[in-house]
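Written below as structure tokens is the structure these notes are about.
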Amino acid sequence: MNANLNKAYPNVSLENFFSTPLAATNDAVFAAIQAEYTRQNEQIELIASENIVSKAVMQAQGTCLTNKYAEGYPGRRYYGGCEHVDSVEQIAIERAKMLFQCQYANVQPHSGAQANGAVMLALLQPGDTIMGMSLDAGGHLTHGARPALSGKWFNAVQYGVDRQTLEINYDSVRALALEHKPKMIIAGGSAIPRTIDFAQFRSIVDEVGALLMVDMAHIAGLVATGAHPSPLPHAHVVTTTTHKTLRGPRGGMILTNSEEIHKKINSAVFPGLQGGPLMHVIAAKAVAFGEALGPEFRTYIDSVIDNAKVLAEVLQTRGCDIVTGGTDTHLMLVDLRPKGLKGNQVEQALERAGITCNKNGIPFDEEKPMITSGIRLGTPAGTSRGFGREEFKLIGEWIGDVLDGLVASPEGNPDVEQQVRKQVKALCQRFPLYQ
């Protein structure tokens with residue numbers, strides 16, 4: 001156990017309660033935070049679901065709003081003293097509606113998983129049939145995977161991708177829907193590198209009399225700028241996280257153009273699934289939505305996609321197999337089987353070299369989820385940092401060096417990894433965080 005945990009806690013008296021900084025009262029926590037800052041500052045982040053928020057977003061999240069309970073919705077709270085947090089939440093709602101060109105928004109979900117759960121609570125009954133993309137094809141746990149609540153409470157039917165193209169086969173999805181007659185079909189996922197045809201999904205749900213829920217957590221930033229087609233004209237309800245490509249605080253959100261569905265969603269979020277909203281996080285969401293409404297955000301998203309294409313192209317020249325042959329979005333899947341490597345093995349080697357990513361299953365993967373045959377890479381965080389095409393070309397070459405080093409020495413190649421780590425640190429020093 002860390003020796004710092006056994007140290008006596010300082011006495012924080014009323015006289016210094018509002019003035020004593022974290023470093024003076026909780027040195028173990030402060031040290032861990034500082035170490036994490038150093039890690040983020042000195043390493044390259046390629047986890048596709050992560051990003052780097054602005055200083056303004058962080059400041060909003062660290063305000064006195066953390067003190068305020070506000071069960072209910074603006075103008076309809078169960079507590080007094082909510083006039084100012086009402087303003088904050090209404091700003092977040094109006095900006096979300098403007099950003100995604102929709103009629104209704106609920107900004108209270110604590111996460112994307114909570115948002116998905118609230119939709120299911122609002123629109124489904126236990127035992128109903130749902131259809132979602134399988135995990136190995138690029139779906140998400142909350143879309144009906146067996147370990148998740150959605151896989152336990154509902155009759156979850158999973159669709160996959162075409163074995164040849166590794167993309168969604170809409171004819172196969174239609175055939176499954178006609179066979180199983182689901183109450184809801186879920187589109188979206190956590191590892192889909194190609195554009196999703198939401199109009200095709202709407203055609204299928206209309207044919208079988210189902211509801212269409214789109215989880216756009218990964219592509220929300222792309223949708224906001226028009227870089228990916230919006231699901232709002234087609235979906236009955238849309239969920240998203242507020243981080244990832246949207247570059248806000250960690251949280252969730254639910255959007256719809258249906259007043260009837262909106263009312264059900266509001267009741268499902270509170271009091272159905274959650275209690276008090278996290279008002280400091282909602283403030284940070286409002287700030288992030290405001291940033292995303294600015295013209296520079298479109299430039300950012302265009303760079304995210306361009307950088308992803310560059311990274312994929314470089315990796316292909318280094319002998320890597322990119323699932324579907326490339327990407328239309330911010331992420332890519334690398335099939336490691338041609339190099340005889342495993343996802344967990346490569347994740348660890350890249351981290352030793354100062355590059356963080358995650359092991360990830362690939363379509364029709366025969367490896368266990370904690371091993372996998374692939375890795376997932378994304379460009380949002382690096383692009384937020386200021387990396388452009390030239391930097392991502394370098395990053396692609398460094399990843400290629402680490403992979404080739406592993407092929408030569410499967411237990412790890414310290415010489416290669418240490419050399420890459422030096423280059424990574426030098427690059428990161430040119431693009432510091434929060435300076």
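Glycine too: its Cβ is placed from the backbone N, Cα and C atoms.
Pulled from Swiss-Prot:
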BINDING   L135, G139, H140, L141, E260  (6S)-5,6,7,8-tetrahydrofolate binding site
SITE      H243  site 'Plays an important role in substrate specificity'
MOD_RES   K244  N6-(pyridoxal phosphate)lysine
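Structural mapping of features recorded in Swiss-Prot.
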residue	record	CB count, 10 Å
L135	(6S)-5,6,7,8-tetrahydrofolate binding site	24
G139	(6S)-5,6,7,8-tetrahydrofolate binding site	25
H140	(6S)-5,6,7,8-tetrahydrofolate binding site	24
L141	(6S)-5,6,7,8-tetrahydrofolate binding site	17
H243	site 'Plays an important role in substrate specificity'	27
K244	N6-(pyridoxal phosphate)lysine	28
E260	(6S)-5,6,7,8-tetrahydrofolate binding site	9
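Among the residues the record lists as binding (6S)-5,6,7,8-tetrahydrofolate, namely L135, G139, H140, L141, E260, the two farthest apart have Cα atoms separated by 31 Å. Across the structure, H243 (site 'Plays an important role in substrate specificity') and L135 ((6S)-5,6,7,8-tetrahydrofolate binding site) place their CA atoms 21 angstrom apart.
DSSP assigns H140 ((6S)-5,6,7,8-tetrahydrofolate binding site) to coil in the three-state reduction, placing it in neither a helix nor a strand.
Calculated from their C-alpha atoms, the gap between E260 ((6S)-5,6,7,8-tetrahydrofolate binding site) and the residue listed as 'N6-(pyridoxal phosphate)lysine' amounts to 29 Å. Cα-Cα distance from G139 ((6S)-5,6,7,8-tetrahydrofolate binding site) to K244 (N6-(pyridoxal phosphate)lysine): 16 Å (rounded to the nearest whole number). Spacing of H140 ((6S)-5,6,7,8-tetrahydrofolate binding site) relative to K244 (N6-(pyridoxal phosphate)lysine) is 15 Å (Cα to Cα, whole number). Distance noted between the C-alpha atoms of L135 ((6S)-5,6,7,8-tetrahydrofolate binding site) and K244 (N6-(pyridoxal phosphate)lysine) is 19 Å.
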